[in-house]
Amino acid sequence: MINHITDNQFKLVSKYQPSGDQPQAIEQLVDNIEGGEKAQILMGATGTGKTYTMSQVISKVNKPTLVIAHNKTLAGQLYGEFKEFFPENAVEYFVSYYDYYQPEAYVPSSDTYIEKDSSVNDEIDKLRHSATSALLERNDVIVVASVSCIYGLGSPKEYADSVVSLRPGLEISRDKLLNDLVDIQFERNDIDFQRGRFRVRGDVVEIFPASRDEHAFRVEFFGDEIDRIREVEALTGQVLGEVDHLAIFPATHFVTNDDHMEVAIAKIQAELEEQLAVFEKEGKLLEAQRLKQRTEYDIEMLREMGYTNGVENYSRHMDGRSEGEPPYTLLDFFPDDFLIMIDESHMTIGQIKGMYNGDRSRKEMLVNYGFRLPSALDNRPLRREEFESHVHQIVYVSATPGDYENEQTETVIEQIIRPTGLLDPEVEVRPTMGQIDDLLGEINARVEKNERTFITTLTKKMAEDLTDYFKEMGIKVKYMHSDIKTLERTEIIRDLRLGVFDVLVGINLLREGIDVPEVSLVAILDADKEGFLRNERGLIQTIGRAARNSEGHVIMYADTVTQSMQRAIDETARRRKIQMAYNEEHGIVPQTIKKEIRDLIAVTKAVAKEEDKEVDITSLNKQERKELVKKLEKQMQEAVEVLDFELAAQIRDMMLEVKALD
């Protein structure tokens, strides 16, 4: 782990003061951390300000903090909130940078090799580099991460040792700087200037760090000495100011110096010889030939370029690790005494525990059939016990802590009172007969009051059918499914809050951390279908989605009341009783949360254009909308005639959205 010398302080900026039972929760958590307690649970009901409590704790204990969330949507939301609370500190975002990812795999039954295929999101890659560089430069850092943080990342020591440090007056030739940049995987491109690239114009070298997306640095030489360094606008070249020191971090997290690379290549060759001998002994000549060809190509690429596709599969040799030794991860970039907070821990812990086995079974197949060396098995996520070995102090945060958390600690700090005085919603059970028409009436009542609705179903088909039906009924509705890209998810939540649409339908995406105060109705279909999505914890989480609005109401559609339903209803009633008593004692009238609607993370231009298109539609008058519907109908017919039914369906959905505005 990395240790720092700097001693920056966290500075919490908020117009709020702790209220309700937040002050006691903050005090207990801080006292326990300062007293050396390793693990504790913050059991906070939905909407009680758990994120604010977490921020207060981080500010008071002043430790670098890793906040782990179980999905990218929740991580994006937390990132936005922490950035607002800590504008002067480094708040970073670290999730998987793949918009699409098909891992390398082999299916022996059909003799099918599936090559790794992926689409990397440039914005998220930039944020990942920003996170690791911040951890090496300062100690006032909060990293909000998904479970990606337990996957192999490359050695933090190699990463830190590879930093190119520049300052005015430094004696270094221009060519030496260019070589140093190439060594840390920067690419020279004098025409297309992007992140992770540099360009040269005479005695001027312009460098675009991997952790930036708008600003680059211009290094001006006088002979073999740096004359000055300027920060510039990458697009226009406008000078923003001069800098006294510039640290250029590697353009990739998997970086190795020349000496270590030679040692690594020797080890890869030795392992290749061993594995070829094993295959030949077993009569697996095809596998031996395949492995020899692939590995020798990779070795040649590593020797000539210092990099190859799938370089992470050789990370054990490049890091100098022993067989079976855990890989370096984001956790190794933190100092020894850092703090971990696991948000929605009842979900996140399950993911941390399950990642290793799925990865292992896929890679074993690749090794057995000669697609990878056995050392590829050590490019993997951490096991649960390996993750635990990184834990110095940890806070599990959840409205419904799981069995694992309760086994780790008996220290449970409850936070039930909401600062706004909001109560847990009233829950009622209605029969399934006529449920859709009943629900339609409830939605229309909310639309009239400019309130939003969440609907959770059990199957993808039901969610799609329900969405189509409500569109036909003139409801502005969207379906949030698992195929939606990372940054689009946060945009959907934002659009719901802005009123671009009124109803959001989903399966398992609505339960934890989707923070929409405008939602006053949560409808749970098939509430009596006992299982993962309808157990006690799941139902309590779903009920909590309506707890941020003073008109919050939950309808469970079911023909019988299961034990899980009853326990969830009873727990909600218990909390509601405590909250009502507190409000009565302090003369508090419940008020819906007023929360600023903001862009959580900068989105791509394509998404921005799409958003502009939606804004234009809403600004059209009735006659213009009528003409637009006619045009869309014509386009839909043309798409059907050329058998492009997918396009036709998209146009149909757009048409229904326009009609819903009337």
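Cβ atoms are placed via backbone N, Cα and C, with glycine included.
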25-48, 97-120, 217-240, 241-264 - the one Swiss-Prot records as motif 'Beta-hairpin': 97-120
Cβ-centroid neighbours of ATP site Gly44, Ala45, Thr46, Gly47, Thr48, Gly49, Lys50, Thr51, 8 Å, sequence order: Thr53, Ala399, Gln415, Arg418
DSSP three-state assignment (helix, strand or coil) for Lys50 (ATP binding site): helix
For the domain 'Helicase ATP-binding' (31-188), mean pLDDT (0 to 100): 89
Residues near Gly49 (ATP binding site) in space but at least six apart in sequence (CB under 8 A): Gly20, Gln22, Gln415, Arg418, Pro419
